[in-house]
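Chemist: My questions will all concern the structure given below.
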Amino acid sequence: MFLGSIIHSLFTVISFTVIQLRADETTTKLTTELTADTTAKLTTKATKLTTKATDLTTEATELAGEATKRTTETPEKVNEETTETFQTTQTKVSPSRAHMDDLTTFDDKVYCKFQANSYSCSNARLKRKYYYDIQLNQCIQFDYGHCKHSYNMFDGRRDCFEACEDEYSHQVVNVTANVYCRFQPDFGDCHMYNPMWYFDIIDMRCKGFSYSGCGGNDNRFRNVEKCLSVCSHAVKHTEED
C-alpha cells in the first residue's frame, strides 16, 4: 500500500513535469512565431516608409528644380504665360529731354508712382502731406522735407485718392534714370517672387524687394551694384525755391 502511494506520487510528479515541459515548449514556439511575424511586419513597414521617404525626396528635388527654373525665367517668358491683360495708357518722354526737365512733364497719374519724398532739404519745419502707395492702393501720411521735385504729395487724403486711384492704367516709358529711380518699388502683375533691388530716394541707397515677373517699372535691378551705378548719381536732393 505504501509502495503504491509512492509510485502514484512519482507518476503524478512526472505527469506534471511533462505537462510543464510541453507548456514551456509551446510558449517558446509561440514566442518564436510571434517574434518572427512581428519582425517581418516591422521590416515590411520600414521598407514601405523608406520607399515613401525616397519618393518624397525625389518629389522635393523635382519641385526645387522647377522653382529654380521658374525663378530664372526672363520677364518675357513670364509674360507669355500670364493670361491677365491690362489696358494702359503710355506716357512717353523723349530721351533727349534735359536731365531735370523731364521731371516736370507728367500729370498726377504718373506722379502717383513716385516715392514720397520725406528727405530733409532744409531746417524748416516739416509739413504733413499725403502720398499714394501703389501696393496698398491707399493714401498714406508722411512729412514733407521741402525738397524740390517732390510730386507724389497732396494736402488731403481725398485729393490724393481722387488723383491717383487709377494710376496703374498710366504706364511710363522712355524716361531717364532721373525719373524711374524715383518710382516706388512695384511688385508687378504676375505671381512669381523674384528678388530684385530698387533705389530708395530717402535713404539714398538700394534695397531689396520681390518682383512678380511682369509689369512693374524700371526702378528694378538684378543686383545692388547695377542699382547704385544707375541711380546714385541720377537722384539729387535740392531745397525747394
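Counting starts with 1 at the first residue shown.
Including glycine, each Cβ sits where the backbone N, Cα and C put it.
Curation does not apply to TrEMBL; its annotations are automatic.
The domain 'BPTI/Kunitz inhibitor' annotation in TrEMBL covers 112-164, 181-231. Per TrEMBL, the feature signal peptide maps to 1-23.
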Chemist: Looking only at the domain 'BPTI/Kunitz inhibitor' (181-231), how are its residues distributed among DSSP helix, strand and coil?
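Modeler: Output for the domain 'BPTI/Kunitz inhibitor' (181-231) reads 8 helix, 16 strand, 27 coil.
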Chemist: By DSSP assignment, list the helix, strand and coil residue numbers for the domain 'BPTI/Kunitz inhibitor' (112-164), in that order.
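Modeler: Output for the domain 'BPTI/Kunitz inhibitor' (112-164) reads 8 helix, 17 strand, 28 coil.
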Chemist: Check the domain 'BPTI/Kunitz inhibitor' (112-164) for me and report the mean pLDDT.
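Modeler: It averages 92.
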